[in-house]
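Each remark here refers to the structure printed beneath this line.
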Amino acid sequence: MLAPSRDFEVAVLETFDAVKALVKSTFGSSAQVLPFGSFVQGAHLQDSDLDVCIDLPKRSLEGAAQQEVLRKLLGHCGSAPWRVVEARLQKSVKVPIIIVRYTTSDIEVEVDISVGLQCQNLRKDFTDRLVRAVLEDRPMVVDLLRLVKTWARLERLHKAWDGFISSLGWTLIVLFFCIQTKKLDEHRRWSKDSVGFLLAMLAVPEPRRKCNQALIQQHLLEFFVWLSETAKICARGTGKADCALAMSLVEGKLIEVPTDGGAPPIFVEDPGARVFKSTSENVARSARASCWDVVLQRAQAAQQRLRAQERGPACLDSWLAQLPRPAPAPSPEAPQAPGAAAPKAAGKRPAAFGAPRNVRPRVACKWFMIGQCWDGANCP
């Protein structure tokens, strides 16, 4: 259910090869490109971004050096088949990235590029490979995960940049739910031995299959109920000012963890950091209290819509159809002027990201290349 199309899977593999070629042509043959994120986990959607990081051996990539590397790469992404979407290179950004899109024969794939194979002394794909090992041969869990991620995306609750929960955060929350409700008794597999770095770097496209929609609907409703109840338990806290309750996939239960500066609205322990470094790090550390309140309100509304739906094979399709759709991006032929109000969304439902389209390449200005364009992501 909600599995990506074969064409999109092929386009992503082609895009990954194109990224490697671009990086090596820019920085030399010794440059390395490592994928991470949902494509390594094997739980990506039709419109998922491809996350990659680059490494330049024998070169220091600390601090401003990361911005320098990304700016140099931007200089080679200004023409077809590449298109620059955004550059987050400000000094205040903890992890600088550039966002570009690559067009294959008829499909456009978005790529988030960062620098360095590690983040906080942990290899960037370590947690993803732990997740991949746990999801192996668990199609029902993958279906549920994709449904929840689709719901979060359509409700716009999936961007850590905006103060919500990241895609990895939602993945771990769903897996914790499955462990708690005995749908996935796999927390014993959260170990270094299950990572399997010798496996293919990107998950192999899964075979087409049918799913039990009635059972998935039941699990989805159960998830939203569980999320609301678990949030209440976490909100009550531990009674200690410097501690919080965290969802620990490694232990398979809520645990007490120390915090700095008060309890966060939600604490999702990174199983990779727990396994590799024996530390409790919060994957949802970017979540703001006001945004978490919005998540719980939308989860409550999702419960009500699911309960109101009649059971049947079309139930989930009907439920998804009732969710809001993101507004289409401004047309490349008519970019917004700085400070202008955003255009109203058209009544026609926008095409899903990753679908075939005709794209006219745009070339970013020189100020965008150094992160100083007043138009920001709307450049040019």
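Just so it is clear, glycine is given a Cβ too, placed from its N, Cα and C backbone atoms.
Keep in mind that TrEMBL annotations are predicted by a computer and have not been checked by a curator.
Between the listed ranges 150-170, 192-212, 234-254, 360-380, TrEMBL ties the annotation zinc finger to 360-380. Per TrEMBL, the range carrying the annotation region 'Disordered' out of 35-63, 325-353 is 325-353.
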